[in-house]
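If you check Swiss-Prot, you get these features:
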| type | residues | note |
| --- | --- | --- |
| ACT_SITE | K230 | active site, schiff-base intermediate with dihydroxyacetone-P |
| BINDING | R56, K147 | substrate binding site |
Amino acid sequence: MSPHFPALTPDQKKELADIAQRIVASGKGILAADESVGTMGKRLTQIGLENTDEHRRFYRQLLFTTDPSIKEHIGGIIFFHETMYQKTDGGVPFVKLVKDNGILVGIKVDKGVVPLAGTNGEGTTQGLDGLAERCAQYKKDGADFAKWRCVLKISPNTPSRLSIVENANVLARYATICQQNGLVPIVEPEILPDGDHDLKTCQYITEKVLAATYKALSDHHVYLEGTLLKPNMVTVGTAAPASTRPEQVAMATLTALRRTVPPAVPGITFLSGGQSEEDASIHLNAINKLHLIKPWALTFSYGRALQASVLKAWGGKKENLKAAQDELMRRAKINGQASKGEYKPTGTGAAAGESLFVANHAY
């Protein structure tokens with residue numbers, strides 16, 4: 001068997017590995033601010049704002065101009081396409097603002113979930129057409145890493161083998177295209193929390209999905225040291241009758257990861273999956289407190305679980321800007337502590353304890 005072509009050069013590999021390690025340096029995680037125009041519209045509507053370019057720009061500016069010390073807890077921020085090319089009130093491009101503060105810039109590159117023919121309502125993710133050209137342009141424009149989300153559902157008949165294999169291969173094709181263009185790929189095979197499944201079922205499905213994903217990454221010659229994984233935590237379904245303790249979620253999650261994710265992967269950045277802000281932090285903390293060998297950084301890539309309280313504090317009013325930024329800093333610090341197993345819950349505000357679950361969530 002001959003080696004694959006074109007192979008990454010040693011310099012390309014070093015750049016990718018360095019980027020991945022910087023993003024998940026000790027105590028740091030990712031702020032996912034890559035909500036689509038439609039999803040941002042839903043967020044803005046909740047606080048009585050119209051979904052306009054300027055409202056979206058102002059909100060992202062609020063996030064990105066939070067005190068520079070946030071870099072102690074945030075290693076990377078994922079942008080949406082329009083955000084890559086927006087500027088502050090003072091004319092500073094958001095990309096420059098973030099990078100000048102030592103935070104790496106990511107970009108969402110998938111084009112959303114579409115139906116997968118031959119399955120019972122399952123999907124695959126589109127966006128491979130033209131991906132190489134887009135990645136090359138994003139790299140020129142300052143991006144360091146990319147994100148691509150695939151979605152799988154748990155039901156009596158899903159995920160099907162077809163869905164698991166198809167989504168694994170799509171993620172692998174995306175990952176190798178990113179690496180050829182100097183971007184670290186975040187590989188995100190999200191198993192939705194919708195349903196009434198128990199913890200064992202979620203763990204079993206998570207293991208099968210991750211095993212297939214890493215088989216595909218190997219088949220496509222992806223350089224694992226220059227990747228990050230963004231998985232779901234292993235939890236019961238949102239409609240499940242029984243609740244679970246954080247220690248149970250932590251053990252099921254870590255067991256699934258230890259069985260499937262190679263130690264070459266530098267970091268695992270969990271998605272919050274509709275958990276409340278506080279639950280997402282408590283579960284991350286519990287995972288990191290487990291006394292088992294953990295060969296990767298275990299940290300966060302949260303969107304809703306970093307921003308829900310921020311949006312409420314802001315309420316669309318400029319006079320609330322500082323209060324909203326203080327809330328972002330607080331949640332970032334909490335999750336930074338949780339990524340080291342050092343978070344001590346002190347009770348939560350009403351917003352932090354609210355479930356952020358959205359059925360069949362789409363970005």
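Each residue, glycine too, has its Cβ placed from N, Cα and C.
Taking the Cβ of R56 (substrate binding site) as reference, residues of its chain lying under 8 Å away and at least six apart in sequence are, in sequence order, V37, M40, L44, E82, T83. It is K147 that, of the recorded positions K147, K230, has its Cβ surrounded by the most other Cβ atoms within 10 Å.
Cα spacing between K230 (active site, schiff-base intermediate with dihydroxyacetone-P) and K147 (substrate binding site): 9 Å, rounded to the nearest whole number. In three-state terms derived from DSSP, K230 (active site, schiff-base intermediate with dihydroxyacetone-P) belongs to neither a helical nor a strand segment and is classed as coil.
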